Amino acid sequence: MSHFEYQNGVLHAEGVALSTIAENYGTPAYVYSKSQLTGNFDAYANACVGRDALVCYAMKANSNLAILDLLARRGAGFDIVSGGELLRVIAAGGDPKKVIFSGVGKSVEEMRLALTHDILCFNVESIPELHRLNEVAGSMGKKARISLRVNPNVDAKTHPYIATGLKASKFGVAFDDALETYRTAAALPHLDVSGIDCHIGSQLLDDAPLLEALDKLIELIDALGAEGIHLHHLDIGGGLGIDYGDGAPVPVGDYLGRLFKRIDAWRAQKHGGKPIKVIFEPGRSIVGNAGVLLTRVEFIKHGEEKNFCIVDAAMNDMARPAMYQAWMDMQPVVKTESDAAMFDVVGPICESGDWLARDRELNVAPGDLLVMKTAGAYGMTMASNYNTRGRAVELIVDGDKVHIVRQRENPADLFALESVIK
Ligand SMILES: *Cc1c(COP(=O)(O)O)cnc(C)c1O
């Protein structure tokens, strides 16, 4: 079930009317449902019960401390892509020993920070990165646990910007180069070769490409084992999609069930029954449908060819439509009976690319409230201050309680680090 439902014609987040939230906290606002968030995580956790598995939430999807804290308390690890994200995990009380570090451009400083906190694993994406990490670990008298991000070259059939497992991708090590790269890693004295990982793309509604990628990873684990390189974990990445209103993904439990079945069969037949830890890196499927972006209509403008509904949220609050031409569902907070017309929903920013939804049938007037649904992932984390717009307030609703988990930025904060030349 969804935790965003109409009650008496008014859209609610759990037990609180979004109209009440707009009155009390203003707009634009990101509103998250605690139950939806924790339920999404539990779907993964429940499918992993009794297994050696770790769900590392890919926090670039939404890195608010309150969200990290709620997930950490349920046992989540974290997939980070920067030193800043590691500091967030620590600030939220998460366990650095459950952190894996992804990304193609880790700096020396970031490596040092992660080694200081003894993270679980570095997901290494290139040979130069292996050498840099080996040097940094050596200089600290440590050994770095590593996994290689292998590019299994399966077509995730998603938007090109979020497909990451193809040959032309900047991510990972080519499948055909993987064995040689593992040999290089195994020969470096300050690295501890511990796993294998991949991440083939995002917003996958079908698990077939993920299972195909799993088969390719297993093939490599067998080949490495034959050379005496034994891996302790297998990390299948994230990528499971959510329903933006245009199609539902395979349920998490079904996907994990099929994945574990394949792993169990392989372990029994070829892996000598030996255990292997399984790691997941879900982002979008944990937070995406747990958040909405609440916005108020400023003006209605009738153009020559189109009607525009100008709202107080913009591409700086939610970049997905402008960046990926993403289709996001727009709904009125208060349902009305009267006639709808076609509108483009746009923000106040001085760019033609500043749109949130196109060609939508809406019944709207100035002052009305709208929500962009399924906006919890890659919303606030991609927000900017373009046009000197403070970022939106973030709220978590828990039953009939509303908690501010990030205050609205005020313009003075935005230029506080700037100075004029004396
Ligand atoms: C972004 C990312 C994820 C999370 O992807 P989702 O599609 O949000 O699940 C996982 N792993 C890596 C390496 C990523 O870059």
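Numbers run from 1 along the shown chain.
Placement of Cβ uses the backbone N, Cα and C atoms for every residue, glycine included.
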> Can you pick which of Tyr182, Tyr324, Tyr378 TrEMBL lists for the same pyridoxal 5'-phosphate site as Gly239, Glu281, Pro282, Gly283, Arg284?
Replying inline: Tyr378
>> I need the nearest neighbour of Arg284 (pyridoxal 5'-phosphate binding site) among the recorded positions Lys60, Tyr324, Glu351, using C-alpha distances.
In response: Lys60
> So which recorded positions out of Arg320, Tyr324, Cys350, Glu351, Tyr378 are up against ligand 1, CB under 6 A?
Replying inline: none
>> Using a 10 Å cut-off on Cβ-Cβ distances across all protein chains shown, tell me which of the recorded positions (Lys60, Arg284) has the largest neighbour count.
In response: Arg284
>> Nearest by CA distance to Glu281 (pyridoxal 5'-phosphate binding site): which of the recorded positions is it, out of Lys60, Arg320, Tyr324, Cys350, Glu351?
In response: Lys60
> If you run the three-state DSSP split on Tyr324 (substrate binding site), which class comes out?
Replying inline: helix
